[in-house]
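Inspection log for the structure reproduced underneath, given as structure tokens.
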Amino acid sequence: MSGSGPWLNLSYAPRALFKFPPDAAPPAVPPPFEEHSFKTPFAIPADVYNMVLGPEWPLTIALLYAMTVLFINAYNRRNNNQPWSISKIRVFRPFVILHNVFLAVYSAVTCVAMVRALKHALPHYTEHNALIRTVDALCKMHGPRGLGDAVTFNPISNLWQTTNKQILLGGNGLPDSTDVGRIWNEGLAFWGWIFYLSKFYEVFDTFIILAKGKRSSTLQTYHHAGAMLCMWAGIRYMSPPIWMFVLVNSGIHTMMYTYYTISALGFRVPQAIKRTLTSLQILQFVVGASFAAVHLFVSYSIPIDVPYHLSESPQPQEPMFSSMIATITQPSLISTASGGAMALLKKLVYRAAGEEGLAENVPRPAITSQSIPFDQNPPSQQVLNAVKRVVYRTEYHPIHCIDTTGQSFAIWLNLIYLFPLTGLFVRFFVKSYLRRTSGSAKHPTKQRAFSKSGHDALHGVARELESLGEAPVEDGINGTLENLRNRARRERTTKSASIGSASVYSDEGVLSDDEQRYLAHFKSRVSDALETQGLTPKSNKAMSPERAKTPEEALKEEKDMEEIRKSVYAKLQDVSKRQEDSNGTAK
């Protein structure tokens with residue numbers, strides 16, 4: 001198909017591209033390496049590169065990961081979600097911090113590398129046909145930069161090919177490693193492969209949560225297992241939209257692991273930032289799925305130089321003497337003339353017209369004795385005058401954005417993965433951020449508001465107890481007590497510090513029986529934790545001689561603990577009072 005210029009169209013991909021299992025050809029092209037550079041910091045052997053891209057790697061690891069999480073979730077539930085002993089050793093908290101710092105820095109570097117690759121691959125918006133050139137740069141990832149200069153794989157011939165005859169392949173029949181200006185060679189081949197491997201390491205996020213005795217949600221388990229498979233498919237089959245996965249996901253992970261690092265260091269992160277991060281993750285999935293799906297419908301045209309073979313016989317340019325030659329050579333005038341006289345006469349006429357070449361081509365009388373019709377050239381003249389030449393004409397031929405069954409398979413796998421994942425994240429967002437302020441809860445009763453406050457306070461105390469367990473051993477009891485005293489002083493500065501714990505438990509009209517039992521269990525947990533740390537007179541009696549405290553010290557510590565209890569219960573009262581005030585305002 002030809003045309004006056006390139007065009008862009010939406011059309012469904014050929015059915016031959018939708019096949020399961022997809023064709024194994026072509027294998028992934030390893031990143032080019034000539035010297036250490038940002039796009040390829042070090043060389044990766046081709047056999048190693050393709051070995052870890054075998055399907056058995058992501059399938060096995062994802063399956064083992066999901067089964068292990070299910071087993072440990074059940075184990076933690078049977079043990080009342082108690083933290084593991086490993087989470088209380090000195091090196092656990094530094095490991096968590098370093099883990100988050102490493103992933104935050106690595107994700108940032110990957111994001112920068114992909115931005116650089118796009119900068120080198122995409123045309124400037126002022127270039128001629130910039131839109132079509134941009135589509136071509138995002139759809140075709142191999143070969144030099146330029147519309148129609150890409151190197152693509154032909155699944156029919158099982159060979160790499162190009163429509164531009166001036167572009168050469170490498171010696172092994174693969175795209176030339178020295179080609180620049182396409183996303184694959186500009187960084188995706190290296191950083192995309194490393195990003196795929198990082199999905200295996202990210203499962204430590206889950207095991208950190210499990211080691212704290214918490215449950216790994218379905219969202220997290222599905223997210224990590226699916227990411228392994230999708231990144232594998234995108235890099236293994238060199239699918240065009242995989243660069244979007246690497247770029248956007250690394251950017252989101254940079255912010256997410258920075259947030260995890262700040263939280264692990266003990267700083268409180270505003271709720272608005274948490275909500276923003278979750279919103280960005282949802283937006284990432286929606287945009288990524290839409291962008292990947294578009295590749296199944298995009299086609300456009302590229303310029304191709306088509307050869308045309310021409311064969312021409314030049315005619316003598318003799319307009320002034322054409323009528324004279326025709327008259328002289330009429331059969332009625334030369335019926336009595338001999339063959340030699342006729343040949344001589346023709347030569348004289350051609351030479352008079354300046355056509356020496358035609359005059360020499362007049363056959364000699366000795367060679368031919370028969371007359372040749374005027375409208376038929378002698379054989380010798382036909383050979384001498386025939387001209388053959390090849391003319392190239394630029395035509396625009398349509399091509400589709402994807403070329404192989406593997407590329408389409410990677411797109412479909414990502415779509416199948418992203419739709420449920422987006423639903424899980426939306427469900428999490430609604431439960432975590434919207435349901436608490438939904439219109440259906442405009443006028444909650446005092447009991448419901450107080451019960452909600454109690455649950456929030458219990459989560460706060462759980463963090464207090466967890467920090468007790470994570471404190472270094474050599475800090476000793478005195479260091480722990482000092483932390484508790486500082487927290488108690490901060491709590492006394494709040495508005496509700498003057499309200500004692502007795503008012504909470506004595507107000508029978510405010511608390512229901514269930515809430516009183518809940519708070520009693522709450523107080524019991526605090527007391528048990530303090531007793532475990534040797535901070536109560538009861539536990540002090542059973543302590544070894546080297547840890548035993550005097551009655552005065554034990555009494556002082558008990559008073560400090562009582563202040564902690566009062567401040568926690570004051571939080572309950574204050575939250576309940578604020579809830580009642582908001583209800584009155586709403587009415």
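Indices start at 1 and increase along the chain as displayed.
Yeah, the Cβs are placed from backbone N, Cα and C, and that goes for glycine too.
These numbers come from a predicted model, not from an experiment.
The stretch that TrEMBL tags with transmembrane segment, taken from the ranges 251-270, 331-350, is 251-270. Across 57-75, 96-118, 190-210, 409-430, stretch 409-430 shows the highest tally of CB pairs under 8 A with the transmembrane segment (282-302). In this chain, the transmembrane segment (96-118) lies in contact with the transmembrane segment (251-270); the count of Cβ pairs under 8 Å, excluding pairs fewer than 6 apart in sequence, is at least 3.
Pairs of Cβ atoms less than 8 Å apart link the transmembrane segment (96-118) most often to 190-210, out of 57-75, 190-210, 222-239, 409-430. Ranked by the number of CB pairs under 8 Å to the transmembrane segment (222-239), the listed stretches 57-75, 190-210, 409-430 are led by 409-430.
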